[in-house]
Amino acid sequence: MKSTSRTTKTSSLGLSPSEMPVTASNRPSILQPSPPFSSSILQPSPPFSSGIPSESTVRNLLISYPSPEDFKYDYGTAGFRYEASLLPSVFVRMGMLAAIRSASLDGEGVGIMVTASHNPERDNGMKLADSNGGMLHPDWEVYAVQFANAPNDVESAISHINELCHSTVPGWSNIFGTSVSNNGRKMCVHIGKDTRSSSPLLSSLAIQGALAMGATVVDHGLLTTPMLHHIVMHSNPNLLPNLIPQRCNERGYLEVLCHSYAALLRTAVNDCAVGERKERRKRTILVDCACGVGYPKIQLIRQHLQLLRLDDGCNVVNIHPINGSEDGPLNDRCGAEFVQKNRLPPTIYGASTAKSTNKKLNVGIMKTPYHYMASLDGDADRIVFHYQKHSDGISNNDWLEFRLLDGDKISVLISSFIQEEIRHLQKIFSSNDDNGGKEGKTNASQVKCGIVQTAYANGSSTSYLKNIVKTQVVTAKTGVKYVHSAAHENFDIGVYFEANGHGTILFGPAFYSLMFQSESYFLSHSSHQTQNKTRANIAWRRLRVLPSLVNQAVGDALSDLLLVDAILYLKSWDLGLWDGIYEDMPSRQFKVKVQDRSVITTNHNETRALTPTSLQPALDAAMKAMASSHSNNKNDQMNVPPPRCFVRPSGTENVVRIYAEAQTQRDADALASEAIMLVYRLCGGVGEIPAIFGSKL
């Protein structure tokens with residue numbers, strides 16, 4: 001199939017193909033992998049050509065790769081993640097489980113991503129993607145843990161596989177038999193991997209496990225985690241959201257991303273028609289790729305963007321990637337995790353830098369001029385932005401103050417942009433000559449927009465969203481699967497970003513209905529456009545391209561990078577203006593080792609401790625005492641959030657995590673110190689007490 005990405009054909013509304021609505025008649029067919037973005041399709045080789053599981057091969061794999069003795073695997077928010085030498089048995093078994101999961105969905109494709117994200121090089125892991133491109137269904141997380149920890153006794157393992165198939169796949173009672181029900185059963189597993197040295201071996205084990213069950217395996221090679229999730233979602237067109245052209249390989253991913261980004265930039269050329277012409281400039285962004293898989297993918301995006309030719313003075317961003325996989329150690333003093341947690345600029349490795357004269361920061365001075373920086377994590381599903389604040393503006397070489405724009409700032413920027421465009425679109429539905437509000441129609445004011453945050457979101461961001469943006473805010477339990485679910489359940493346009501920079505936007509049926517109704521309106525009113533209606537048309541064109549630009553399956557650093565740049569470009573903002581919309585409350589995080597983390601339980605969103613019963617009242621008293629000490633402070637009159645502190649047990653180790661924020665760093669440290677003492681005393685702290693700051697409570 002020929003790509004339409006370079007065609008000049010437009011719709012009657014002047015839309016490029018990447019902006020046109022996707023219908024049953026024009027939805028593209030599945031694109032086959034083609035060089036240089038090829039994926040090798042591995043069909044089951046004899047004796048698996050019939051798609052029938054091979055019991056002998058399954059047995060041999062289970063015997064060859066036994067699980068470690070007296071070791072228990074857990075499937076956390078990030079899947080299985082351990083030191084790489086502990087994982088061969090897990091990958092063999094999860095390859096088999098992925099095939100069974102596909103069979104339970106009547107052959108819909110599922111995915112396996114080999115990565116340990118922001119962990120060091122010695123670790124590795126596996127994220128399983130369901131057929132909708134999202135995270136594995138919770139029921140199957142349980143099955144995954146049970147199978148990973150099943151006894152090494154082969155007969156028990158075979159029995160476990162049979163029972164799982166019988167309970168989850170209708171009519172599949174004896175999977176290793178020769179019954180007609182086994183012939184031609186569809187199973188498809190997509191596999192991608194990151195740049196870790198252990199990833200090729202572990203990936204091959206997962207492939208062998210899936211092939212042994214009779215599945216078709218599509219090995220996509222090196223991918224970012226979001227790319228794998230995108231490919232899985234697009235391989236099942238019946239589950240693909242509206243307005244998104246189907247592209248189920250890496251090349252298609254890049255095309256959709258870059259052309260949607262370009263379509264959003266093109267809306268800037270119409271600003272002069274509504275009195276909003278802004279000065280927009282060329283810009284260069286330096287992207288720290290954490291010495292991971294994001295580096296080669298950023299290079300491909302850069303190549304695609306250089307091929308785009310935008311008219312009317314629009315300028316795509318010049319992306320300059322640094323910290324490639326061969327430049328330095330993976331995630332070591334670089335990448336989103338390091339930058340966000342330490343609030344320091346990344347170490348810059350490789351030939352693109354000169355040796356730094358600033359030993360304290362251990363960062364290279366770039367030879368390439370740039371306007372701002374972003375940092376990805378090792379598998380490119382997180383992103384944070386940062387710059388150096390200088391008295392004369394943004395400076396490349398003067399390290400006066402490091403400024404971080406984390407997931408909170410990203411969510412505020414994106415939600416503010418969407419809300420503004422919705423308000424402009426709403427104007428056409430408030431007129432007397434439209435159908436908005438009538439039965440069966442979706443009015444712009446009826447589309448529910450909102451933000452999902454976790455307890456870790458800075459209080460200033462929450463205050464800004466509620467009081468300035470005037471949007472709804474929901475607090476969910478920490479973890480991608482919880483915030484993703486909350487965004488889906490609560491909003492028609494749901495934005496979520498954790499402070500670490502992982503996040504995305506979800507669009508519901510009401511949003512798509514609004515887009516199609518708006519299209520009908522503009523088609524029927526094209527002959528008499530007022531200034532308000534012209535601006536509403538721009539708003540519609542901006543909103544309708546977002547589902548293609550945004551990876552709705554999972555947080556995607558590359559997608560978020562282009563979206564943020566486009567919004568800043570349309571607003572004519574730099575990072576200084578964006579950063580200045582609000583000032584973060586000073587905060588402090590700690591963790592306390594405890595004998596048993598299960599003694600602490602929390603409410604549904606982890607903002608309050610339920611047990612031990614004496615803990616939350618003590619925390620409340622500490623927060624109240626600090627708030628009282630500021631009762632006469634003039635900042636109280638300025639809508640400054642009150643002091644806040646919460647504690648939550650770790651999901652993987654016997655540790656209690658503590659978060660505190662207040663009006664000053666000294667107060668945040670003091671509040672954290674009180675919480676440390678309370679947790680240590682009431683929750684069975686062990687070892688040394690973490691360093692305590694002088695408390696004035």
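Keep in mind that glycine also has a Cβ here, set from the backbone N, Cα and C atoms.
Because TrEMBL annotations are produced automatically, they should be read as predictions rather than curated entries.
Summarising the annotation, TrEMBL assigns compositional bias 'Low complexity' to 1-12.
The region 'Disordered' annotation in TrEMBL covers 1-53.
According to TrEMBL, the compositional bias 'Polar residues' annotation covers 23-43.
The domain 'Alpha-D-phosphohexomutase alpha/beta/alpha' annotation in TrEMBL covers 110-139 (among others). Long-range neighbours of the domain 'Alpha-D-phosphohexomutase alpha/beta/alpha' (110-139) within the same chain, counting only residues 6 or more positions beyond its ends whose Cβ lies under 8 Å from a Cβ of the stretch, are 75, 78-84, 87, 90-91, 94-95, 97-98, 101-102, 188-194, 196-199, 202-203, 206, 210, 223, 225, 228-234, 236, 239, 290, 293, 329-332, 335-337, 377-379, 381-382, 480-481, 484, 552-554.
The domain 'Alpha-D-phosphohexomutase alpha/beta/alpha' annotation in TrEMBL covers 172-235 (among others). Taken together, the residues in the domain 'Alpha-D-phosphohexomutase alpha/beta/alpha' (172-235) have a mean pLDDT of 88 on the 0 to 100 scale.
The feature domain 'Phosphoacetylglucosamine mutase AMG1' is assigned by TrEMBL to 406-573.
Here TrEMBL flags 644-674 as domain 'Alpha-D-phosphohexomutase C-terminal'. Same-chain residues lying 6 or more positions outside the domain 'Alpha-D-phosphohexomutase C-terminal' (644-674) and placing a CB less than 8 Å from one of its CB atoms are 74, 76-77, 455-456, 458-459, 478-479, 585-598, 600-602, 606-609, 615, 619, 622-623, 626, 630, 633, 635, 683, 692-697.
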